[in-house]
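Annotated features, as they stand in TrEMBL:
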{"type": "ACT_SITE", "residues": "A:35", "note": "active site, proton donor"}
{"type": "BINDING", "residues": "A:28-35, A:145-148, A:174, A:182-185", "note": "ATP binding site"}
{"type": "BINDING", "residues": "A:59, A:151", "note": "(R)-pantoate binding site"}
{"type": "BINDING", "residues": "A:59", "note": "beta-alanine binding site"}
């Protein structure tokens, strides 16, 4: 496995790969089973797999957890190699942002709800770094986790908007045995919070069941939100239902229409998200 | 020479080119000697040359000349072939904008002056279509004319911002024997305006001489503007001096600092631009 810290090293390696498809798994590191499942999937699909590890400052707002976002480079490299990565790109902030950006990509559709509403500018930072990484790696396929469903939908839209020659593949969320969605941020839960956190997913599952059985969407969302707050002790940022992958707020469940039920919950040191995509 | 109207046709051809560098000349068609010099230059540098012809609605503001922008596809194809194009891409608006864009690239630096100030949103439209075209053609080199100096500088900045794997080459403005910068729009001058239009470049040349001989920049710009108005009968949009390629307004001429003197002039049916890049 090659490790590269500089864009030029990636480009050099990339230019030698002609007859293999290239799979790309962009990550912020502190790899867990969710990332590894994406790398393994990429390795199944593609001849050459690139993983990037970069905690992107541009997608963190003021007061968010950029500084406390967990990092463990050495362990990440071992895990990535075991999972099948051929090249790991570990740029520093100076490599990705050698000077202030002169332009910005503003994502206008699909960002007025969910994390787009509660983290203003977050997705502009995400698409900026993903655009940079796509241009550096030039993959054929790029892999994203469904846990970040809004991110995956927005990147798919960006790919269509700009005719980017990359196929986006979204893979299912990987969960702990108790249902908690795997996340690098889970290590920043207190022991007490960790015990209670599985109630997030349990509550979402219950809400989906209620909606499928015909209960009023607004009522179900309110109950779900209260339940998450009560059972986890966290502060609910949002519990919302929207169309998938268009990300328009949905007021009712229509047969055959894919829907995304998503939530974000603030704990003492960390904010977690989770979601379920379902179709009635 | 191949002609393609669909993105997929370009991608198919592109995917077969492995051991040749690809040069790209994006145009809005109605090709003149300026475009042809770019195509010839591309053919000198690269094994395979792609020319695009697309009048991009996104870069025209309300009331601008999108509808009257001159078009002559058949003649363009002949000229492009003679100049050395290997593939001409002629997408329709539906091909480039199959649905409304969900995001926009906002160019924030270098757009508060010159055409950026007098054509709000113009460069956002330019970078959107250039990004799309770069992603479709995936060239190694892309060629732009210095007549659109601000455009070239902004695209170079965008390439740096997003690590786009394309080298931007800017070529000198090609002029009519009387000094008028070649432009597809020149055909929309009246006979009378056409006779007077060379005064634009003459006035810019005189202004550069005056600045190089130490005259006050502000005075020179004012005189230049009045002279263009008087000698052409046109309405001066701007005559401005800025640093090159940073595009910051310059109040004085410093030895060794490249400067761009640029202007835009409105005639009865068309707005023309011209510029000179010089260093004291």
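Don't overthink the numbers, they just go from 1 along the chain as shown.
Cβ atoms are placed via backbone N, Cα and C, with glycine included.
This view paints the features noted in TrEMBL onto the structure.
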residue: A:28; record: ATP binding site; contacts (Cβ under 8 Å, 6+ apart): A:53, A:54, A:55, A:56, A:69, A:184
residue: A:31; record: ATP binding site; contacts (Cβ under 8 Å, 6+ apart): A:53, A:75, A:76, A:79, A:80, A:184
residue: A:34; record: ATP binding site; contacts (Cβ under 8 Å, 6+ apart): A:145, A:147, A:173, A:174, A:181, A:182, A:183
residue: A:35; record: active site, proton donor; contacts (Cβ under 8 Å, 6+ apart): A:25, A:27, A:51, A:79, A:83, A:145
residue: A:59; record: (R)-pantoate binding site; contacts (Cβ under 8 Å, 6+ apart): A:122, A:123, A:125, A:126, A:129
residue: A:146; record: ATP binding site; contacts (Cβ under 8 Å, 6+ apart): A:152, A:170, A:171, A:172, A:173, A:275, A:277
residue: A:151; record: (R)-pantoate binding site; contacts (Cβ under 8 Å, 6+ apart): A:115, A:123, A:126, A:144
For the binding-site residues listed here, A:174, A:184, which shows the highest count of neighbouring CB atoms within 10 A?
A:184
